[in-house]
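First up is the structure itself, then whatever we jot down about it.
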Amino acid sequence: MDKTDREADERNRASTVLYGVSDIPPWHITLLLGCQVFLTCLGGTFAYPLIISGALCLEGDTLGLAQVIGTVIFVSGLSTLIQTFFGIRLPIVQSCSPAFITPVFSLMAIYKPTDCPFNIKNYNETLPEIGGPVHREIWQTRIIEVTGAIMIASLFQLVIGCSGLLGVMLRFIGPLTVTPTIAMIGLSIFNPAYQKSENQWWIAITTVALIVIFSQYIMLAIVTAWVICIILTASGALPDDKNGWGYKARTDVKIAVLEKADWFRFPYPGQWGMPTISLAGVFGMLAGVFATIVESVGDYYACARLANAPPPPGSAVSRGIGMEGVACVIGAGIGSPGCTTSYSENIGAIGITKVGSRIVTQVGAVIMLFLGCFTKFGALFVTLPDSIVGGLFFVMFGMVTAVGLSNLQFVNLNSSRNLFVIGVPLVFALSVPTWLKIQSSSPISTGSVFVDQIFTVLLSTNMFVAGLLAFFLDNTIPGSDEERGIKAWRETDKHDSDDGSSSHVYDIPFLQKYLDKLACSKYVPILPNFKGDKSDSTVTGCCKQCRSPSFKEPEVYV
């Protein structure tokens with residue numbers, strides 16, 4: 001199939017979208033599709049708090065974990081509304097990014113192990129009551145440090161988006177920088193996967209198999225595995241001895257949380273306490289911010305193509321990144337220990353359902369807002385057997401790694417230069433954080449405790465080490481743009497150029513008619529009238545993989 005045939009095939013495929021971005025389906029269809037939007041992102045949304053719960057010293061406090069899960073779901077809905085109303089204006093769901101998991105682990109590693117005695121096996125002293133006031137104070141102290149760091153780091157994301165610096169950044173970032181950075185997100189957080197699965201490996205393997213069988217229907221796979229555990233629990237096939245292998249695969253281990261949890265609890269600002277700020281935490285979270293920025297830009301173009309919308313202009317992309325920063329600041333203020341970003345799985349679902357309606361995504365966001373206040377809903381996922389969660393983690397982390405490696409399709413892998421730029425950062429990113437972790441005392445001693453903590457957190461963050469080294473090598477070792485994959489990555493096909501016929505998709509609601517009358521609005525990088533959109537900008541011309549008619553997204557399972 002030549003290029004002309006591929007272009008025609010792509011245009012025909014795009015024309016089969018049932019509902020475009022600005023279309024409004026009948027109310028009953030909108031409600032059903034909104035529920036589907038919510039269910040598609042639910043697996044990754046509730047998984048994030050479960051992954052970091054150990055680092056936050058939250059494990060064991062099932063009620064506290066249920067409240068955190070509710071907060072994360074609520075913030076995801078709020079962030080989605082912000083993005084679809086004032087951000088990129090495409091039907092993109094926002095959810096906690098896995099890019100912030102490693103920075104959270106690195107920041108929490110500063111604490112001594114004895115600061116969280118609940119995570120120490122065979123602890124000799126008397127433990128405080130699990131879920132009691134002392135326990136809650138321990139994990140709340142940690143969570144407000146995480147939220148404080150996210151708030152400050154997200155302000156940088158806001159500045160990058162609203163100032164137009166995004167285009168400057170993307171001139172120096174190519175697939176050889178993105179690949180090790182994104183891949184290390186998945187490779188560096190494998191511990192929770194086997195730690196949850198080791199309680200009953202057969203249940204974990206069954207969960208993975210069900211996810212593969214059901215493909216996109218992640219929640220159907222989880223529910224099926226859940227039913228299997230219920231049957232095994234009721235039949236006595238799983239031991240009732242706390243020390244027995246397979247005990248944590250029982251469905252009645254944490255069932256008491258359903259009774260403890262309130263029916264309704266509104267996540268409010270400062271619910272865990274006033275956020276605290278540490279420089280080490282801020283620098284660590286910045287690594288996650290830069291990773292999500294690059295990922296989101298690609299998601300914007302992919303979503304526009306699948307929803308049969310024109311490619312987003314530079315102003316819309318910058319505004320989307322800026323609004324992600326705003327949403328993260330608000331979310332951290334409410335108490336979410338994660339930063340929201342575009343959720344790729346829902347974008348892939350658009351290609352399957354052929355529904356790219358913005359209002360459908362907004363209805364899904366409203367459902368998230370409601371269920372985030374319904375505490376017993378979050379508590380329901382706390383009761384999920386550990387082995388099922390472990391199986392889910394294996395697939396999630398594997399897909400994140402694969403998404404990072406998929407950028408190599410644009411790179412000349414016959415070049416020894418490129419192999420060096422890819423391989424060395426990956427090895428360093430696995431080695432340096434591990435070396436720091438096994439030291440009895442911190443090997444970093446600059447004379448300043450604050451500086452020591454900053455370097456410790458940064459060098460313990462795998463994706464920071466990988467991204468920084470890959471960025472340095474890719475921009476200093478001689479190589480042509482074609483060899484490095486930059487030419488293919490940023491190439492813009494002529495038929496993809498925005499002729500303005502559908503540019504109103506990205507207009508700001510309620511304010512656009514007033515902005516059109518302001519001559520100065522053409523100088524603001526995030527407004528639709530920005531004069532830079534009429535030229536071929538770096539932002540508009542990047543991420544060819546998400547816009548080319550020959551590109552197909554990999555199947556997504558979570």
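Count begins at 1; order follows the chain as displayed.
Each Cβ is built from the backbone N, Cα and C atoms, and glycine gets one as well.
Bear in mind that TrEMBL entries carry predicted annotations, made automatically and left uncurated.
Keep in mind that what you see is a predicted model, and the values were worked out from it rather than measured.
Going by TrEMBL, these are the annotated features:
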- 27-51: transmembrane segment (TRANSMEM)
- 63-86: transmembrane segment (TRANSMEM)
- 146-166: transmembrane segment (TRANSMEM)
- 172-194: transmembrane segment (TRANSMEM)
- 201-234: transmembrane segment (TRANSMEM)
- 272-294: transmembrane segment (TRANSMEM)
- 363-382: transmembrane segment (TRANSMEM)
- 388-407: transmembrane segment (TRANSMEM)
- 419-438: transmembrane segment (TRANSMEM)
- 450-473: transmembrane segment (TRANSMEM)
Are the transmembrane segment (146-166) and the transmembrane segment (63-86) near each other by the rule of at least 3 C-beta pairs under 8 angstroms (pairs 6 or more apart)?
no
Please determine whether the transmembrane segment (172-194) and the transmembrane segment (363-382) are in contact (criterion: at least three Cβ-Cβ distances under 8 Å, sequence separation 6 or more).
no
Below 8 Å between Cβ atoms, which of the listed ranges 146-166, 363-382, 388-407 makes the most pairs with the transmembrane segment (27-51)?
363-382
Which sequence-distant residues neighbour the transmembrane segment (450-473)? Criterion: at least 6 residues beyond either end, Cβ under 8 Å.
99, 102-103, 105-107, 109-110, 172-173, 176-177, 179-185, 187-188, 278-281, 283-284, 287-288, 290-291, 420-422, 424-426, 428-430, 432-433, 436-437, 442, 444
State the residues, same chain only, that lie 6 or more residues beyond the ends of the transmembrane segment (272-294) and have a CB under 8 A from a CB inside it; answer 'none' if no residue qualifies.
97, 99-100, 102-103, 106-107, 110, 140-141, 143-154, 156-157, 160, 166, 169-170, 173, 178, 181-182, 185, 321, 324, 332-333, 335, 339, 341, 450, 453-454, 456-458, 461, 463-464, 467
